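Contents: one structure, followed by commentary.
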Amino acid sequence: MVYGIGVDLVRVERIRRVLARYGERFLKRVFTPREIAYCRSRARQGEYQFAQRFAAKEAFSKALGVGLREGGIFWRDVEILPDPRGKPEVSVSGRAAALCAARGINRMHVSLTDEADQAVAVVVLEILP
């Protein structure tokens, strides 16, 4: 059974501006060390990778029905990394993991894409027997 679906769109230019202004402070607040390393390792400009993951975290919070602020989840509680074949996967920890467990969510799907100056993510959360 589908628990929730979340979609988010981020302008890559917005991420570029935030990176230029806050740099490492922004990265360490929003992304896990593994996400930062992955995004920086990509041949394509890192801001696209960061924008996709930023959108995915927003989409995840929408699918879960909570915010990324007080009373919700923390940015770094949600990690988006590829599996060995390159398919993006969601991993949760901390408050996000606790909320998923409490709600019976046991399957998560994420799709990422970008075009021109926009990154889009869709997250589907499921409860399966």
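Heads up, the Cβ atoms here are built off N, Cα and C, so glycines get one too.
Noted in TrEMBL for the protein shown:
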- 4-116: domain '4'-phosphopantetheinyl transferase' (DOMAIN)
- Asp8, Glu58: Mg(2+) binding site (BINDING)
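Taken as a whole, the domain '4'-phosphopantetheinyl transferase' (4-116) shows an average pLDDT of 95 in this prediction.
Around the Cβ of Glu58 (Mg(2+) binding site), 21 further Cβ atoms fall within 10 Å across all displayed protein chains.
The DSSP secondary structure for Glu58 (Mg(2+) binding site) is helix.
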